[in-house]
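Asker: If you scroll down you'll find the structure; I have some questions about it.
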Amino acid sequence: MLSGDPLLSGHIDLAVVLIVLLKVVAVFAFLLVATMLMIWFERKVVSDFQNRVGPNTAGPFGILQTLADGIKFFFKEDLIPDRAERRVFILAPLLTVVPAFLLFTIVPFGGDFSNGHDGSVELFGHTTYLQLADPAIGILFALAMSSIAVYGVMLAGWSSGSKYPLLGSVRASAQMVSYEAALGLSVCAVVLTTGTLSTHGIVVAQAGSGWGGFIPHWNLIAAGFVPFVVFLLASQAELNRPPFDLVEAEQELVGSYHTEYSSIRFALFFVAEFMNSVTMAAIIVTLFLGGPAGPALLGPGWLWGIIWFLLKMTAFLFLFVWVRSTLPRVRYDQLMDLGWKVLIPLSLGWLLLLATFWVARDQHWNGFVTVALGAVVGLTGYGLLKGAIATSKARRLEGVVD
Amino acid sequence: METVVFIVSALIVLAGGLGVVSSRNPVHAALSLIATLFGIAVLFLNLGAQLLAVVQVIVYTGAIVVLILFVMMLLGVDREEDLETEPLVGQRLLAGLIGLLFLGAILAIIIIGKDAIVTGSHSVTGAISPTIANISQIGTALFTTYVFPLEVTAGLLTIAVVGAVVLSRRPNDLAPIPEPESMVDMGDEPLTAIPEEGAH
């Protein structure tokens, strides 16, 4: 009942336990290697954007640079500041890493979805999905994990016993709580379109060719582009990646929450940050781009699942790095305005519009009238919001209110 | 298996609850509260109420306690507090008595219902029908049977939001609320809280 995976629905014997263990080890190793490569990839691509060489000494193309850095971190002195709150200071990096690992457990990273297959593969005589867990609540688990990820950053800043980290903590908590709402609402749109919360179900709903036989049936198109754009922006803010990295903001807050950290504890923050980038790319791919679904060109179908998944994920990781090296950091008021006055109303309005269309399709309403009414209500809402924002700005400028 | 999970998470819940009331530092108390809420989420999972478990984590652990911590950090009330003096005289004695009363009531229930000692009868939070997914049952119930309470709650929340906005945007001609004494601007230093006498 905890899982939609056919592996766990039958009798659970030793082989099943071993397969689950194997999947745990495989996901763990994949995540670590992917994080290591992501750090290298980001440094390399950013240095290309900035017209310099980047890491090039350790291994071919400097690919082992992260490994070398990691080993170096292990041998650095571990400092705990005098005014730090010791127990929380030690706990905080672990609170950052654990949700980062748990987030990936629900991501389908492979499987045969071509030609109407449902993505299950044969593993040692058992049928299973290529994902660690497929709980019925699926994607809500991801939201839960990303909402508790804020604790690591917040507590690290607070427990450091110093000013800049504390400012970073306050920023982190405000930012993450603000953008969670937009994130959740755009996930709602996907759930509404696919009709399931399970990540495997979401991928199955997007598999196969949709319109015209060659345009894929991705939620990117099926849910309209708006939820995708909102999710992409909100996920960058949740990850504290540039241009929304006000939590770290080296120039203002000297790195903020990790200022006082050194050695392996700093490395844990660093790893968690990049691991979250990898996982968020994987979740975007799952929600909007059909995850591992794709045509099998030649050879076994399950292999193509993994290849499509990795290709799509890498494209998004490149996009993240591209955005980082192109856009300057937003101001704090811009960040809050974008979250509360643009993304949340936009995703909420779009969700209502999508729901209306689904009801209209069920009840066979007149399509033209539905679209026209939806547009009128949407525009009215937009006008009201605009009016309210303009009024509040005018009143603030007049000095009537603080 | 169910019993083992219940005992472990119940211990976490109880330890967290004890931590909330006995921590000298408010932030430690908030952390203990997180442990308690997580334990309750696991208890929900154990009963098959997956949606409630996740909502518990998203709403309580992920939003409400974050806001509690946010306010504590923003206002600088995160210093150690004296637990020796009672705010109300006789408060602890009364709390102990009432606690004992509740313990007695629970023990009485356990003794009366001999057959299911640990978790009692199967929970009403679990799935009503094993074939339909939990979440669609909850959704159907919310939007058919309980649609009026749902809408009333939505109205209540809207009123609360509007009220918060009105209260936070005071007109300028009102007298400003004085700064709390612990927050004093010390010249060119950033705004810091002065240490209270006898703290630490």
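Using the three backbone atoms N, Cα and C, a Cβ is placed for every residue, glycine included.
Grabbed the feature section from TrEMBL, which reads as follows:
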- A:12-41: transmembrane segment (TRANSMEM)
- A:88-109: transmembrane segment (TRANSMEM)
- A:136-158: transmembrane segment (TRANSMEM)
- A:179-203: transmembrane segment (TRANSMEM)
- A:215-234: transmembrane segment (TRANSMEM)
- A:266-289: transmembrane segment (TRANSMEM)
- A:301-322: transmembrane segment (TRANSMEM)
- A:342-359: transmembrane segment (TRANSMEM)
- A:365-385: transmembrane segment (TRANSMEM)
Asker: Would you kindly list the residues that approach the transmembrane segment (A:301-322) from elsewhere in its chain, counting only those six or more residues past its ends and only Cβ-Cβ distances under 8 Å?
Answerer: 38, 41-42, 45-46, 49, 108-115, 117, 119, 121, 130, 236, 241, 277-278, 281-282, 284-285, 289-295
Asker: When you look at the transmembrane segment (A:12-41) alongside the transmembrane segment (A:215-234), do they share 3+ Cβ pairs under 8 Å, ignoring any pair fewer than 6 residues apart in sequence?
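Answerer: By the criterion, they do not touch.
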Asker: Six or more residues beyond either end and a Cβ under 8 Å away: which residues meet both conditions relative to the transmembrane segment (A:179-203)?
Answerer: 4-5, 106-108, 111, 113, 119, 129, 131, 134-140, 142-143, 146-147, 219, 222-224, 226-228, 230-231, 233-235, 237-238, 286-288, 290-293, 339, 343-344, 347-348, 350-351, 354-355, 358
Asker: Which residues of the same chain, at least 6 past either end of the transmembrane segment (A:266-289), have a Cβ under 8 Å from a Cβ in it?
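Answerer: Those are 31, 34-35, 38-39, 42, 69-70, 73-74, 93-94, 96-97, 100-101, 103-104, 107-109, 139, 142, 149, 152, 156, 187, 190, 199, 202-203, 206, 218-220, 223, 227-228, 231-232, 235, 238-241, 257-258, 309, 312-313, 316-317, 320, in sequence order.
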